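All remarks here apply to the structure that follows.
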Amino acid sequence: MALLGIKLMTLVFAAWLSCCHSSSALPSSGLSGPCLNHSCLLRNSLNGASQWGTILHSPAVGSNCPPCPMMSIMGCSPPKPLQSNSYGVLCSTIASKAKQDLKLCWKEVQTRSEMYSKRISAALIDSLHQAVGMLLMIIIWIWSSIFLVVYHVLAYMTTYHLSSAVCVGFLIFCTICAFRLISWICGDLLAFNVSGLTPIWVNFSESSCPAGLSLRRYKNEKTVEGYKPFIIPQKSPKKSVIELSFSNGSHLGYATCVRLWDGSICLMTAKHCLVKEALLKGRVAGHSLPVKNFDLFLTCDEIDFSLLRGPKQWEAYLGVKGADLITSNRIGRSPVTFYNLSKDGEWLANSAQITGRHGKLCSVLSNTSPGDSGTPYYSGKNVVGIHKGTSELENYNLMIPIPNIPGLTSPDFKFETTNVRGNLYNDEGFRLSVGEDDKAEHWTDRLMKSITFKTKRWADWAEEESESDDERGKVVPPAKPSNYGEGCPPEHNQYLSDVGDLLTKVIGPEQNEKCVDILMGIMGVDKNEVAPHKEEKAEKGKRSSGFGHGKNRKGTNHPMRRGYNFRNCKKGGGQDESESHREISGRDPGRESNDKSPQGEAEEFERYFSSFYSWKLHNSGEANSGFRPCGKIPKFYRPRKRRVSEWGQNLARKHSSLGEITQGFGWPEAGAEAELRSLRLQAQRWLERSKSSVIPSAIEREIVISRLVESYKICRSEAPLCSSGSDLSWKGFLEDFREAVSSLELDAGIGVPYIGYGYPTHRGWVENPRLLPVLSRLVYARLQRLATLSVDGKTPEELVRDGLVDPVRVFVKGEPHKQSKLDEGRYRLIMSVSLIDQLVARVLFQKQNKLELLLWRSIPSKPGFGLSTVEQVEEFIDHLARVVDVKSDDLLENWRELMVPTDCSGFDWSVSDWMLKDEMEVRNRLTINCNDLTRRLRNSWLYCLSNSDLALSDGSLLAQEVPGVQKSGSYNTSSTNSRIRVMAAYFAGASWAVAIGDDALESIDTTLAVYKSLGFKVEVSEDLEFCSHIFKTRSLAIPVNTSKMLYRLIYGYEPECGNLDVLRNYLCALASVLHELRHDQDLVQNLSKWLIPDGSQKIS
């Protein structure tokens, strides 16, 4: 063994030496000859001598090697003995042999592994087949067993207990019917747990009502994303808010001291704030009362409302007073205020906004924190509800409305309040306290009989310190206006050299006594009743003004006088085109007797306006691309091109630098010829782009729609009240209509065909107490047609004839145009919808659109933001930095690496029909209770908008042949365009985008080539441009249309003409332009010198 070990060590040592020498030993030693074989080599190597002269003897191997057979055949000389080879050669030969053996071994392992893998996979597949078959057999066995069991049970019951089983089933049926009958009869009464005979002590323990078993789907606090309130130090009205605390002094919530209409003072709070050992901390230091001293007077678990009666004079002890209430039937969408305590113990007033309904609660935009539960919301100095908490799914807080109990929480008579625009619960959706009016009286009688009042009746109540409390039930008549003349106010009769005094005296017509006219008109008070001595002058004014167009009559140009003329003018007469229209069209409904109902009068008006249309085709010569002539209406409008003011020309000659700034702009042509020319150019471009555009696949559209819904999810809003049920509701419509009218722009044009009645603006119908009910019936009738009539396949003229929509008036916008556009004749066209269609759109979409304006900070659409102040510019830059997830300084420095500012040329004309449909689908998915009626109304409205009749100024009607094209005068234009612009960015692959109209900022990963396939012409800005402003620094945004603004200012006004209205409008425009150019103080100073009229000029 020792000898064998020595040999092995020798071989290893020889192998190491072989690595140090060249590998040429094998051929030099003759081992590469044909006679070499491994057996001989091994024997020779073990018995021969090494090159060092060392001879190794092996007892196991013989020294004689038989002659090689190949030697005798080939005549080769016998090889040298292996002992003559070096150790390197021997080791190399052994290593070669080992390598070859290893390869053979690895090949064998691979072969066997593959064989075993196949066997294992085959076994697994076979086992899987057997398992599936066994599972199916088990399912079949269980299913058949169930049938067998049911069969045997039924057979057993039929054989032995048939009569008993029938009796049990009949009893169950009777029980269900009885329960439903009881719920139908007095289900509303079960909502309240009222006790007056026996005092109920407030005792809510954790053992009796553990928080873990609560089934409420609400959280108690939330900060609304995107809503930015104001917070100021202020005490609550009458110090009526009381802090609730635990027995150890830690904060719990809030309660409110309220005064009921029966004269009693009660404590109101959310029921979940009433916990064991809660304390009321008074406004007087050291004064507090335990809640257990109060009786639970009125409670409603459904809305978490509670009202408690306390010991005698408890409010005086705590240093608080009772606030008045506004109940659920008088709540509207309006700004409100709630109060809470700061960390330093100071009372703070927080702004909030009531936006709608959430079941039997109200949705409120407010930012609350833990511990704000129970705090009241105030409208003015009246409490409208209690803070409840928030929904887990929606982006708003919840307010508990105050139940309406006549004689207790609300009066028994009608009176005026400071409440707001429309009601939320003036329909059948909110019935907590009562179901019908007769039930209300019965329930109130029962409630009053069970209550023993320990405080003074209201008739004996007096609060000496309360100077804001009006006597309830006392109607204060409107004050009569003082006498005034027909002319302009005397303080408007002279120019002043100081701009500040000039703006103060000229701007501010609310200080004028003539505002009484408009206020009285809005309130519906007849001026002849309060100022009969003016009747003769009013009649004289009506005779000379016709339909309110008395432009040449002295005094009518004053803005306060125009409102009076429109409201009190005659419905007939006048020597203008409106008279001839009535002669052509027939009877004037304004001349009908006053005993007709508003609905009947509305039908007369519909026939009157329908008589304007002449649907016989008129040959207009050249065919218009995308539009075809389909009829005519009388020529109501006579637009004229604005002339360049002489005052502006004199300024440009006098100040050459001012002329250079305004160079390259001009006023566009006006009238039907200019409208038709521009319409052809725009339509031709639109059709060319639409041919090359490609509609994305249904899967791609669904992905983008889902992404948009996710991006706008915080703007989820409720459906209109009029369409909340299965049928159109008149009561709900009145509330929607009231809110829509309150937000109208009264000086906007009324549209076609209503201009034929003589009132050119919305004000003439809205402020007329006789026409406003007719207007509501006209809008409601159109909604009924949209809900019941099918619009599929109808042509634009058929839609108008069926009363589903009105023609869209087209006119050239009277703003400066670039000279290149003037030369081409490509003017900016405005497509203005009628007053009825405007109100229909507001009823259907106003909740969503207003919510988007309030929450612009958290959605991609930005129509709600402004750049008028430094603070607004900084806020937007900071907001944009948060969107990109960088710092504001890095954003302004490296914006080219982070975003792409883009603008779409001719965006309104590039909007396709499928884009409008997808945008409407997003709106529907963002509507909380969007039922079939709401979808049908909106889809029909969209079809009418996409297939419009265009009315030119000369009365020509052009029917739209290709659906699409956004109408610039529609109520949804700003909101819809912004969302479609974001939609296009998502199709282009942008990871984020913000947009306002056709302007957008999108992520750097967007693919601009996709826009061409969508039909858009996109231009990339070289600067950080958005909303017609270039952002230079965090606080500086420069407007890009400075030349256009100045051209409009100096060439669009004649401030030296002596007309007060012209002067007032010019000064307003001047102040606005100077404010926009505040970044260039040198230019502002020069403009102030050049553009302020001479102070010595008098008004003639």
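Glycine too: its Cβ is placed from the backbone N, Cα and C atoms.
These numbers come from a predicted model, not from an experiment.
Swiss-Prot lists His272, Asp304, Ser373 with the feature active site, for protease activity, giving sequence analysis as the kind of evidence. Residues or ranges marked as compositional bias 'Basic and acidic residues' in Swiss-Prot: 530-542, 578-595. What Swiss-Prot lists as compositional bias 'Basic residues' is 550-561. According to Swiss-Prot, the domain 'Peptidase S39' annotation covers 224-416, on the basis of sequence analysis. The feature domain 'RdRp catalytic' is assigned by Swiss-Prot to 897-1012, with sequence analysis given as support. Annotation source Swiss-Prot lists region 'Disordered' at 463-493, 530-601. The signal peptide annotation in Swiss-Prot covers 1-25 and rests on sequence analysis. As annotated by Swiss-Prot, transmembrane segment applies to 131-151, 165-185.
Here the features listed in Swiss-Prot are placed on the structure.
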| residue | record | DSSP (3 states) |
| --- | --- | --- |
| His272 | active site, for protease activity | helix |
| Asp304 | active site, for protease activity | coil |
| Ser373 | active site, for protease activity | coil |
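Taking all protein chains in view, 22 other C-beta atoms sit within 10 angstroms of the C-beta of Ser373 (active site, for protease activity). Using DSSP to sort the residues of the domain 'RdRp catalytic' (897-1012) gives these counts of helix, strand and coil: 52 helix, 27 strand, 37 coil.
Rounded to a whole value, the Cα-Cα separation of Asp304 (active site, for protease activity) and His272 (active site, for protease activity) is 7 Å.
Ser373 (active site, for protease activity) sits 8 Å from His272 (active site, for protease activity), taking the Cα positions as reference. The average pLDDT computed for the domain 'RdRp catalytic' (897-1012) is 94. The Cβ of Asp304 (active site, for protease activity) has 22 other Cβ atoms within 10 Å, all protein chains considered. The number of other Cβ atoms within 10 Å of the Cβ belonging to His272 (active site, for protease activity), over all protein chains shown, comes to 21.
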